[in-house]
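Trainee: Mind looking over this structure? Questions follow.
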Amino acid sequence: MTRRLPLFALCALLLMVSLSGCSEPLREAPITLKGQIFGTYYQVILAKPMTRDQVADIEAGILDELEAVDASMSTYREDSELSNFNRSPLGEWQPLSPELMQVLEISRQVSKASDGAFDITVGGLVNLWSFGPEARPEKVPPEDQLEERLAQIGPDKVELDIEACRARRLSDVYVDLSAVAKGYGVDQVGDYLEAQGVDNFLVDIGGELVLSGHRDDSGDPWRVGVEVPDEHRQVAQYVLALTDMSVATSGDYRNYFEEDGKRYSHTIDPRTGRPVEHALASVTVLGDTTADADAWATALSVLGPQASLETARREGLAVLTLERDGEGWISRVSPAFAERVGDAALDKLGIPRPDQAPAQDADQTPVEDSSQISVEDSAQAPVEDSAQDNEET
């Protein structure tokens, strides 16, 4: 005997089969996720289509990574791990997270290699010059206060015990990781995306970038704009085609104050306790990790035009510098930079090779607008770096 399904049951069954065959619609690439963190913006660009649920999960994971870095390394949060360390009794070892220890060790290495041009204990001086979290008027501080704070700082004032994952303050220093934490945050987000199987993306936090894979299905590289060092306009002088690397830029041309007609940059030289006064306006570093590139961009900005390139050559750093020269600027690159981007790219951009005389760029027309980072065509270059070079972290 043959049994028949009631008509309503048959319809329900057909509806279930139909629904099971439906797939969630994809969000077309590029997918842009953005927001605010560390007192600046962040932007993540995903070059492949994803479902809305996948995007939501990815975005939640990105926010978790950023929040973890902020909770560990912010000097603007009283409850951060770093703020607690800055309040710790002098001479007493403090257990720290592996993440914070890693950033402290990166900072120590760059400080040593740069002969003290990079120094995370400079936070007290940054505050004194009104570029830190302390609410202070924008004016030159008294000489006695400068000398007092300068005497307190130095890379040797913080001792690290890497194996035991602990550190201690040997002087009443204010540790500020703003010049490396943004880059570290970029690396953390990049590592997270790779762990999720995402292999074509761009992560940008305040102008510090990591680039992975390609920007589209055609296999085109990401495009990164290096800004004209001019506070009054935001345009790209050079647009670099890059992939699978980190980029960090430090510039001194937006964050400053003036007193009695003199300009005081936010980039503080920890060796003198004063803002830098040389002609170097912008330093862009290409590297394997954004944390290292971030720290080195600040260190080289402190060193100045000649010493920065000498250090880059010695340390094998890929560096592009823009130096003020009258109404224009001079572009120079290190050998490692030329090797990374290629001589053909340098020639196309009009950037002299390391063995060529530098060119004065005053009459060059900027390559293209870079007022927003690269959802369309070009990723933004310098958005001020920090710590000695301060932005909120």
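Glycine is treated like the rest: Cβ placed from N, Cα and C.
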Trainee: Given that TrEMBL lists Asp294, Thr298 as binding Mg(2+), which residue among Ala164, Ala167, Ala179, Ala181 does it place in the same site?
Mentor: Ala179
Trainee: Got a sec? Which of these binding-site residues, Ala179, Asp294, Thr298, has the most Cβ atoms within 10 Å?
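Mentor: Compared across Ala179, Asp294, Thr298, the most Cβ atoms within 10 Å surround Asp294.
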